[in-house]
Structures are given as structure tokens and as C-alpha cells.
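Chemist: Straight out of Swiss-Prot:
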type	residues	note
BINDING	Tyr34, Tyr168, Gln172	L-tyrosine binding site
MOTIF	39-48	motif ''HIGH' region'
MOTIF	230-234	motif ''KMSKS' region'
BINDING	Lys233	ATP binding site
DOMAIN	352-418	domain 'S4 RNA-binding'
Amino acid sequence: MNIIDELEWRGAIYQQTDEEGLRKWVEEKQISLYCGIDPSGDSMHIGHLIPFMILRRFQNAGHRPIILVGGATGTIGDPSGKKEERKLQSMEQISKNVESLRVQLGKIFDFEGNSAASMVNNYDWTKDVSILDFLRDYGKEFNVNTMLSKDIVASRLEVGISFTEFAYQILQAMDFNHLYEFNDCRLQIGGSDQWGNITAGLDLIRKKQGENAKAFGLTIPLLTKADGTKFGKSEGGAIWLNPEKTTPYEFYQFWINTDDRDVVKYLKYFTFLTEAEIDELAKQVETEPHLRAAQKTLAAEMTKFVHSEEALEQALKISKALFSGDVKALTADEIEQGFKDVPTFVAEDTEANLVDWLVTLGIEPSKRQAREDVGNGAIYINGERQQDLEKIMDASDRIENKFTIVRRGKKKYFLVSYK
């Protein structure tokens, strides 16, 4: 299947500059193509992942992806989709962010073989361009009226836009022209808000490389959820690729909780499952939605892809333990992942009567309530029901000598660590 046909059935194409030309080009040649990301933060979130998934599909089809990390453009900030001016970051912070993104993106692509990916930083070819060179060699090629008409600028004219952000599209166009000239890059991929920046690059290539220069642009639709909320966010905020910001367990849970109305769309966008495999899962959503086979597949595929097989196994283990209540088999690391958002208490490293211990920590409001809950079998320590009012809490009640998991009733969890 032609990669363009595959992207179309996946619903992953919003706009392209020359469909017939690009389709023919990718059928007949191995092409280089790129997608960029600015280091505005130290981690990608799953919304950033969308265009890079397209880039990876091109690699799977035998083409060469170029991943551009914007060490230069990141110092300015892309005005696309922003209602107000970005705050500029220090060069030191941007450099740190660049390295963090390099690590994350390095896990997504193959860097060996005939279709090996490459990673570039636009700071390398931008840092020595003087202001006079910029104005003479590049600024001269851009018509201000055309720049003002592009959505990325027009949407900001009422509230105002600095020359810095106004000039962003010139810098991004310089990137495409540079990669065309030195890396034989023929295609730029981006989100739907990048159309103006991409077409600016194509115009510059034609002016610098000649009217017969073959280059293309392709954008991806804005991904929306069936309930109208923004994709990529949970109640706790953005879903990050950095495991220190969003644990693999939380990452897995985000996908497993996907709405039935969205899951088939996400399978097409984010996984490498075939059309037949996705069609089969779509049927199960219709006939056996309670089994959540599509969500389980989506969560497993994404956790493996972004993290690892080991991280998936860990997420499944935590999920199973929380569902069954058998938490004793969890490691300290797994407990930190699975109980990240539950009320947490710090206890003295001493022995104590269970009832007193629950009240001292604040898990129970009073001794009377604590005795009642223990006596009724409503208190569980590390998954085991406790009904002995005289029980002494000691080191044997700690997992890896670090944590005690308390459950009150069926679902109310508390995590206790020790001084």
C-alpha cells in the first residue's frame, strides 16, 4: 500500500500541497522528510507525538526521517495557536530541553539501516547568520502582506504580535530550505496549525533552489475527543512521555480509559496495527464493549512503544493488584507509580497499636471510628483484612521496609511511608 493511501485510511491527512506529485514521488523514490519540535519544555506530551507517528510510518515504509529539534526557533517561540506572546527562556534552559527531547525522540525511531533516521538541531546552521545576512538573504524573499495574511499571524493582529514572533515563519522556512539543500529533504510534516509555516518554506525553496524544485508539505488534522475536550489531557493535566512526569502506569491508564467513541480513531492514529486488525477491534467495540478489548490493545501498544515491554508488564501488574486488592506483591517502585495520587502520610519508625496508629496519622478521625472500622473488617493493611483491635504495627507490615498500603472499605486507599 502506498504510504499516502495508508495515511488516508487512518484519517491522518488534513492538507497536502500536491497529492498527486507526492504520491508519485514516494512510490518511485526513497525520500527524506522532516518534522520539527521546539524545546519549549523538557518533555514531549502525547499531543506532540502525533506528527512524529506519521514520520515513523514513513520510516516503516522505507523512507528516511529527519527529526529537527529547534534549538534556534525555540529561543523565539512559534506563535501558531497561541493567543499571547510566549515568555522567552534562557539559552541554558533551552539547551537542557534539547537534550531531554533528543533522548525521548531517540526511542521512537530506528537510527540504523537503509532508512536510518537522523536528528538535527537548527541552531547549528542558524547561529552564525548575521542580522544583515538574515535580512538580505532571507528577509528579502518574504512579502509582508503575504506574511500578514497567514492564519498564524492574522489571528494575533488584534492583540498584537512582536517582530520576534512575526519572523518565526522565516526561520522555519530557512530550516526547510537548509534541509532541502543539504539533506535532500523533500517533505515537511506538521500539525494543522503549521500550514502557514510549511507553505512559507516551500515558497522559499522555490525562490532559492529554482521553480522546478520538488518539495511538499503535509499537515495532520487537529485531534479532538468525542466529548469536546482537548486531546492529550487528563484530570491531572498533560500526559507526558517523560516517565518522571507521567509514570508508565498513569500513561497506560490514560489509554485504557479511552471513550468507546474515540478508541478506533486512536488505534488508527497511534498504533501500527493493520487495517484488518483495527476493523476486528472496531467490531468488538460494537458487540462487546464491556470487554474493552480495543482499549486494552491501545494501552498496551502505546506503553510498549513509548516506554518498553517491561514498563507495560509493570503497569499491568499494578492494575491487576489494584483491581484485586492483592498489593503485597508490588515493589516499592510499583507502589510509588500506582499510589501516586492517593493521600500520603509519614509515620514514626516505631511500633504502635493499629487503632492508635490510624488515628495518629489522620486516616481515622477518632479512636471510636477506628475501632468500629477495624472491628467491622473495613481496614486492610497491604491487602489483608485486619480485625484485631490489639494488633501492633511493626516492620513486618512494611513493603520493602518503605511503605504500608492502607485500604478503608472497597476503594479508599492511603499510602504510609516512614521517617
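Each Cβ is built from the backbone N, Cα and C atoms, and glycine gets one as well.
Any idea what these are sitting next to in the structure?
Modeler: Cβ neighbour count for Gln172 (L-tyrosine binding site) (all protein chains, 10 Å cutoff from its Cβ): 29. Secondary structure at Gln172 (L-tyrosine binding site), taken from DSSP and collapsed to helix, strand or coil, is helix.
Same-chain residues lying 6 or more positions outside the motif ''HIGH' region' (39-48) and placing a CB less than 8 Å from one of its CB atoms are 69-71, 74, 77, 86, 89, 94, 96-98, 100-101, 104-105, 223, 231-232, 238-242, 245, 254.
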Chemist: If one looks at the chain holding Tyr34 (L-tyrosine binding site), which residues at least 6 apart in sequence have a CB under 8 angstroms from its CB?
Modeler: Leu55, Pro65, Ile66, Ile67, Leu68, Asp175, Phe176, Leu179, Asn183, Cys185, Leu187, Gln188, Ile189
Chemist: State the three-class DSSP label for Tyr34 (L-tyrosine binding site), counting H, G and I as helix, E and B as strand, and everything else as coil.
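Modeler: In the DSSP reduction, Tyr34 (L-tyrosine binding site) maps to strand.
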Chemist: Quick one: DSSP breakdown of the motif ''HIGH' region' (39-48) into helix, strand and coil?
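Modeler: Here the numbers are 3 helix, 1 strand, 6 coil.
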